[in-house]
Amino acid sequence: MNIVIVGSGYVGLVTGACLAEKGQHVTCVDISESRIEGLKRGVVPIYEPGLDEIIDRNAKVGRLEFTTSLPDAMKKAQVYCIAVGTPPDEDGSADLSHVLAVAREIGQHMTERSVIINKSTVPVGTADRVRAAVDAELARRGVQIEFDVVSNPEFLKEGVAIKDFMEPDRIVLGVESGHARQVMDELYAPFAQEGARIIHMRVRDAEMTKYAANAMLATRISFMNEIAGLCERLGVDVESVREGISADPRIGTRFIRPGAGYGGSCLPKDVRALARMAHSAGFDPVLLSAVEHRNDQQKSRLYEMVSSELGDDLRGKTVAVWGLAFKPGTDDMREAPSITLVESLLKAGALVRAYDPEATETARRAMPQDPQAEGTLRFMTEQYEAVEGADALVLVTEWPQFRAPDFARLRTQMRYPVVIDGRNQYQPDEVREMGFRYQSVGRP
Ligand SMILES: NC(=O)c1ccc[n+]([C@@H]2O[C@H](COP(=O)([O-])OP(=O)(O)OC[C@H]3O[C@@H](n4cnc5c(N)ncnc54)[C@H](O)[C@@H]3O)[C@@H](O)[C@H]2O)c1
């Protein structure tokens, strides 16, 4: 099958590369010329483990191509997958301008019966808006061409995106015509043959499924952060509680780690967009509002811990930050808790020495540039270099290389021995025995 993927970001590139790997002929389109030029030369614009090799292998045999021209790409295919961004609008709703721009362009150039797959995360009812946008362009051209709009939300996790795409828990297909179902089943046949569970449903149901999934994950995190806050006040160790509740198969082990709050390109914006959807539908999303509120508070926790150790005036103080990406395994900085922390540290006048194994470049662009802030942010190239002369070390993102640091070395390097562990990676007693003041989330 020939397929066009529009939008060559985290989702579009992974989708395109993995479908090519499964034997489809894929053309990835993006409006960013530099991105496409780079991809043509084999430069992958994002960090996603394993993606480079798949792109390289499939590009070499001609199964994966890149272009900035959607009309050119459309000449070879009748299946178009929209994977452009849906960033939050000012009111928290999903900004559909990119999705609808692509829909209009498809309508301007479609020549044969087509299937339009929406893989971007979009509010319920967006497929109807995509259909209307395409219809309007067809009407302008005075042509009648049949087409379907399918919802096929993506559930991959950055950092393990290749595995998630290749071995999905489920593939959700919102399809409402026999033709669309046949095309989608054919597209995913190689996955179904390997045992992937394909769940067919109506388009609106599929659109909602994506939001419900992310809202559930965010709820679990905020719930556990709330329990952690309570544990801190009651002299309880949240890690024992976590172990105790996760043994219940109804609860399980995933997404119940307390920490620095959730970030990333999906959970924050999707919770907000779902809440907006609820408001627009005249329904008060009390739970979603609380989930978001708890997360906003949690993102400030690490700064509160630093200031409880060093005070609120951090002029002349140096704070080392380990990990900037919103989670390990990615260079994605969107809504990362590190941004909230660094912003507060700079406002309080600190010198921040930050280190991340993969996200330095994206962090340079994402970090606040507040001219009022008195502090200074420096990006370091090595984790121990960041700690030199520091008055506190804050672990924000739990990359594996931070899991078992050389504490003796830290003790000699740091000016003042404070460790703030935003991910409960270390054993409180052990760290304290080595002479550190130590704070973590939800542990006495
Ligand atoms: N990143 C994730 O982990 C993830 C997971 C599941 C779902 N999603 C959803 O998938 C969608 C894409 O997310 P992403 O993280 O890949 O975004 P991204 O920002 O990494 O990539 C989007 C790409 O689309 C391109 N683009 C924008 N307008 C275009 C147009 N008119 N024509 C061609 N290209 C255009 C941009 O240049 C960019 O390269 C979002 O709706 C997101 O919510 C993301």
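A Cβ is built for glycine as well, from the same backbone N, Cα and C atoms used for every other residue.
Note that this is a predicted model, so its numbers are computed, not measured.
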F155, L156, K157, E158, F255, I256, R257, P258, G259, G263, K327 show up in TrEMBL as binding substrate; which entry in K76, K210, K347 does that record put in the same site?
K210
According to TrEMBL, D30, R35, T86, T121, E158, K269 bind NAD(+); identify which of R204, R220, R315, R334 is listed for that same site.
R334
In which DSSP state, out of helix, strand and coil, do we find K157 (substrate binding site)?
coil
Cβ under 6 Å from ligand 1: which of the binding-site residues K210, I256, P258, R334 qualify?
none
Checking the spread of the NAD(+) site as listed (D30, R35, T86, T121, E158, K269, R334): what is the longest Cα-Cα distance, in whole Å?
24
Other C-beta atoms that fall within 10 angstroms of the C-beta of F155 (substrate binding site)
17
